[in-house]
Amino acid sequence: MAIQTIDNNIDNGVDSELFDCLKLESPKSFFLFAGAGSGKTRSLVNILREFEQKYGKQFRLERKKVAIITYTNAAADEIIHRSEHSSIFQVSTIHSFAWGLIKNFTNDIKSWIKSNLTDEIADLEEKQAKSKNLQNKTSLDRAKKITSKKKRYANLDNIVKFTYNPNGDNITKDSLNHSEVISIAASFIDNKALMQDILVCKYPIVLIDESQDTKKELVDSFFQLYNRKKDSFSLGLFGDTMQRIYSDGKEKLGENLPADMLQPAKIMNHRSNKRIIRLINNIRKDVDGQEQRPRTEKAEGVVHFFICSRGLDKNEVENDISVRMSKITEDSKWDIGSEEHEVKTLILEHHMAARRMGFINFFEPLYRVSKLKTGLLDGSLSSLNFFTKTILPLVKAYESDDKFELARIVKKNSRLLKKETLKKSENQIVDIQKTNEALSSLFSLFKDSNEPNLLAVLKNIHKSQLFPIPETLLPIALREDRAVSDSAEENIDEIINAWDSALLSPFSEIRNYDVYLSEDSKFGTHQGVKGLEYDRVMVIIDDEEASGFMFSYDKLFGAKGLTTTDEKNLDEGKETGIDRTKRLFYVACSRAKESLAIVAYTDNMESVKSTIMSNNWFEENEIEMIKEI
Ligand SMILES: Nc1ncnc2c1ncn2[C@@H]1O[C@H](COP(=O)(O)OP(=O)(O)OP(=O)(O)O)[C@@H](O)[C@H]1O
């Protein structure tokens with residue numbers, strides 16, 4: 001028993017070493033890089049709690065804060081919650097933090113943008129001057145870019161204050177875009193003594209979680225700041241180079257660190273069962289050879305690799321695999337048919353979840369428009385909220401005969417029942433009657449479990465004037481005849497174009513999409529689940545379906561050969577798509593606590609099998625080939 005305790009707690013000393021760095025009398029910096037599930041986030045929270053106890057009062061009096069930079073808003077919320085909402089901690093994403101630093105420096109921002117635009121315009125004009133044909137697409141696009149940049153330059157003096165939303169698209173004239181905010185903050189930290197003083201005075205401690213993926217420009221600036229202000233500034237980096245999966249991160253972050261930076265190591269993995277840890281140790285073996293140890297009380301656990309022929313019905317394959325896994329693991333929660341089914345399925349791209357959950361027709365056209373992507377994924381798109389936040393709850397209230405809820409939604413959103421409308425109205429009874437008729441007309445579309453398409457719902461509401469139509473959808477709602485207008489408007493806006501297709505989907509797709517957005521969705525992306533953990537994980541792999549270009553599982557598993565570019569990168573010691581994919585695979589597999597199923601679709605089943613066996617990732621009895629169902 002005593003041995004077990006020593007084993008599991010072998011890394012416990014690290015927390016006090018880290019806390020020691022934060023002592024205000026003698027600040028030091030550290031770099032805690034350790035594998036998945038080694039308790040980095042836990043260490044971060046532990047030292048924050050201890051810091052609050054020792055320095056909380058002092059920091060509040062002196063109006064100082066510890067800045068904690070996380071990769072996502074969700075991670076920020078988690079740390080805020082776990083550090084008990086203490087006001088001395090400012091937990092935010094890198095974009096929010098950077099914006100907070102620069103937002104009051106309007107004149108300096110203007111000068112930076114002017115100088116940047118001057119360089120960009122000069123560069124474009126030089127290229128344009130060399131163009132052999134000014135009428136080809138590239139040259140025409142370049143000409144447009146030059147005009148728009150010149151326009152922005154001319155408008156800069158009219159801007160009183162810049163705006164920026166770290167979670168938005170920032171398309172107004174006075175807004176900064178995401179990369180500008182990062183570059184401006186980095187440039188101010190590097191070059192402005194005042195900014196360096198403000199930063200160190202307000203935030204004597206900056207801690208960065210997932211620093212392997214944090215914008216490299218800013219990480220470099222923090223290193224510079226550390227070199228300048230060592231006596232009054234502490235920089236703490238948490239991360240794992242094996243989990244660097246975005247191109248924004250600094251390559252080889254762990255190399256050439258300042259000599260006085262503390263670099264503690266952790267060797268435990270507190271998260272996963274033994275077999276899963278052996279697998280992830282093997283995946284990183286030829287990258288840096290770091291090996292983790294499981295906790296002594298952990299079970300063996302299960303990993304299983306299903307090699308599936310492309311072209312099979314994926315829903316059927318994956319359902320069958322869930323049943324098969326429940327047998328292999330003797331855990332009924334794997335079984336899709338069981339009431340207690342609880343498996344996290346990791347897909348590569350959101351549209352793979354859309355296909356599996358039944359909202360692909362509505363999702364795909366909108367997802368293709370880059371301006372709509374963020375809002376579509378986080379559910380903040382206002383034109384979409386019309387369906388998800390107004391119509392869907394209304395229809396659900398109708399279906400469950402919840403008159404109270406129905407009245408509440410109508411009162412809140414209806415144009416006809418607005419207080420001001422009713423006040424002005426000569427005959428309120430007629431208005432209420434009109435509302436009832438509008439509702440009946442809308443619900444008639446859903447009679448007998450019918451699922452109308454979204455266009456029918458939109459047109460119905462526009463006609464009855466029950467609710468105001470979002471601005472983006474108005475041109476479509478106003479159209480008399482879709483077919484005529486399609487041919488008449490050649491140069492139609494890409495957003496309207498996308499909505500034109502999306503609106504042809506049945507309303508049931510909105511229901512499914514709404515479930516996907518909610519916390520309890522059983523899907524996550526390989527990238528998006530960084531930092532999280534689940535008992536049972538199914539990793540779905542299909543490069544063709546994902547249609548991305550950053551990752552290639554086919555190459556990682558030997559189903560496809562290397563391209564000449566890959567060969568060239570390899571020769572030059574540069575990173576290849578295989579390296580990136582291996583790290584993504586490591587992140588995905590290391591989310592599993594108890595058992596893990598990999599489901600890989602491929603055209604080359606035998607090559608996949610021999611690759612995953614020859615690099616010792618899977619044993620023969622852990623591999624199953626599914627050619628048909
Ligand atoms: N010292 C410990 N004793 C017991 N459980 C621990 C310990 N450290 C971490 N854990 C547990 O192990 C799991 C992983 O911890 P944590 O999320 O902090 O790891 P991480 O290094 O941040 O992981 P990743 O890099 O994979 O996101 C969590 O469930 C956490 O509660």
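Each Cβ is built from the backbone N, Cα and C atoms, and glycine gets one as well.
Note that TrEMBL annotation is computational and uncurated.
These come from TrEMBL:
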type: BINDING; residues: Ala34, Gly35, Ala36, Gly37, Ser38, Gly39, Lys40, Thr41; note: ATP binding site
type: DOMAIN; residues: 13-286; note: domain 'UvrD-like helicase ATP-binding'
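Most Cβ neighbours within 10 Å among the binding-site residues Ser38, Thr41: this distinction goes to Ser38.
Listed in sequence order, the binding-site residues among Gly35, Gly37, Thr41 whose CB lies under 6 angstroms from an atom of ligand 1 come out as Gly37, Thr41. Here the domain 'UvrD-like helicase ATP-binding' (13-286) has a mean pLDDT of 92 out of 100.
Cβ packing within 10 Å was compared across the binding-site residues Gly35, Gly37, Gly39, and the lowest neighbour count falls to Gly39. Taking a C-beta cut-off of under 8 Å and a sequence gap of six or more, Lys40 (ATP binding site) has these contacts in its own chain: Leu32, Ala34, Asp209, Phe238, Gly239, Asp240, Lys266. In the three-state DSSP assignment, the secondary structure recorded for Lys40 (ATP binding site) is helix. There are 23 other CB atoms within 10 A of the CB of Ala34 (ATP binding site), with all protein chains counted.
Under a cutoff of 8 A between CB atoms, and with a sequence separation of 6+ in the same chain, the neighbours of Ala36 (ATP binding site) are Asp240, Met242, Gln243, Asn269, Arg271, Ser272, Ile280, Gln292, Tyr586, Val587, Ser590, Arg591.
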